[in-house]
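Sequence annotations record features per position, and here TrEMBL assigns 5-phospho-alpha-D-ribose 1-diphosphate binding site to G87, 90-91, T95, 97-100, 115-123, S127. The anthranilate 1 binding site annotation in TrEMBL covers G87, N118. Taken from TrEMBL, the feature Mg(2+) 1 binding site covers S99, E232. The anthranilate 2 binding site annotation in TrEMBL covers R173. Under the heading Mg(2+) 2 binding site, TrEMBL lists D231, E232. Taken from TrEMBL, the feature domain 'Glycosyl transferase family 3 N-terminal' applies to 13-71. According to TrEMBL, the feature domain 'Glycosyl transferase family 3' maps to 80-330.
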Amino acid sequence: MTDRTNTSLKTTFQRLYSGERLSQQESHQLFSAIAKGEVGDTLLGAALISMKLRGETPAEVAGAAAAFLNEARSFATPEYPFADIVGTGGDGLNTVNISTASALVGASCGAVVAKHGNRSVSSLTGSSDLLQTLGVDLYKSPEEARLSLDNDQITFLFAPHYHGGFKHAAKTRGELKTRTIFNLLGPLTNPARPKRAVMGVYHADLTELVAETAKLLGYEHVLVIHGGGMDEAALHAPTKITELRSGMIETYYLKPVDFGLSEHPLSAIRGGDALENRKTLLTMLHGAAPEAHRHAVAINVALLLKLFGFENLRENADRALTAIDEGMALRLLERITGNQFTKEGEIITDAKTIQRLA
């Protein structure tokens, strides 16, 4: 840490060690220094654990998120309504890639989605791992990514491509081997800066915290969700939803029946590695997947569509199932990748060569 940073942050560190809470401005200052690589590993670890032991506050999380957004690569935020559907990861349940599939299906039936994602946190396959196997270019320039959003109603923003600042905390986070404030920042640091989002969290106790944080960051309509241990809406258990809307926050619970969908055990949506999950996704997009897979996506798409004024959750779920069964989501995926896909998980490229499962 530089002498200048050491002087300006000395009071902040002392307050953390005393168990005090930081203001949003103080947190912003601290995490700006972290994002620039100006805080050493020992001090960083001490700060993260100090916050964790007494519990992070919305102001602290908002300050951290804003700091990393300020250091991110610039993305021209559209004036038209768009949203993200994203989870913290870290639920450890290794399910199929629900939020990625939901983004595709949602964009094919009324949503506009800037999907922020990363590689796997605790499962075998993260959003970006799956997208790469499908031929999605994760390294488009911000201008190209914005064009995709304009033309196709969907774009994918690979977190490391936009957020160089997180690398400065990677070593310390790995050594701590515990969740910290960083595990909450992914859904809150979309470089496109949406005002609407479905955000999944890895523990039910976090829904209010993340909703309050989103309010501080200027979000307009957010659904923070946790279902039966998952950072998604669930078919095997009630889903807790904390909704931020026009400055008001309320918490409620929904079951699959509220969406007109069937209950299914968690075991019915277990995932695998990236290639296995690619096959699962493509089988579903061809309309040939088990009901559990289709309904797991439909319940999450129904919530996503609510952000765009579609209030009837049963109708929203039906829209999602229609988009799957009529091939609308598959055609969207083929358009944005330039590839064709078989339901067995194979890719037929422009050169008419077939890339089979390894």
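Each Cβ is built from the backbone N, Cα and C atoms, and glycine gets one as well.
No curator has checked TrEMBL annotations; they are predicted automatically.
Distribution of TrEMBL features across the structure.
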| residue | record | DSSP (3 states) |
| --- | --- | --- |
| G87 | 5-phospho-alpha-D-ribose 1-diphosphate binding site | strand |
| T95 | 5-phospho-alpha-D-ribose 1-diphosphate binding site | strand |
| H116 | 5-phospho-alpha-D-ribose 1-diphosphate binding site | strand |
| R173 | anthranilate 2 binding site | helix |
| D231 | Mg(2+) 2 binding site | coil |
(request) Identify, in sequence order, the residues in the chain of R173 (anthranilate 2 binding site) that are 6 or more apart from it along the sequence and have a CB within less than 8 Å of its CB; answer 'none' if there are none. (result) L48, T180, F182
(message) Is it possible to list how many residues within the domain 'Glycosyl transferase family 3 N-terminal' (13-71) are helical, extended or coil according to DSSP?
(response) 45 helix, 0 strand, 14 coil
(request) Find the shortest Cα-Cα separation between D231 (Mg(2+) 2 binding site) and the binding-site residues G87, S99, N118, R119, and name the residue that gives it. (result) G87
(request) Among the binding-site residues G87, S99, N118, report those whose Cα falls within 10 Å of that of E232 (Mg(2+) 1 binding site); none is a fine answer. (result) G87, S99
(request) Measure from the CA atom of G87 (5-phospho-alpha-D-ribose 1-diphosphate binding site) to the CA atom of N118 (anthranilate 1 binding site) and give the result in Å, rounded to a whole number. (result) 10
(message) Quiz question: given the binding-site residues T95, S99, N118, which has the greatest number of C-beta atoms lying within 10 angstroms of its own C-beta?
(response) S99
(message) Rank the binding-site residues H116, R119 by how many other Cβ atoms lie within 10 Å of each Cβ and give me the one with the fewest.
(response) R119
(message) If I restrict to non-local contacts, at least six residues apart, and a C-beta distance under 8 angstroms, what lies near G87 (5-phospho-alpha-D-ribose 1-diphosphate binding site) in its own chain?
(response) S99, G186, P187, M199, G200, V201, Y202, D231, E232
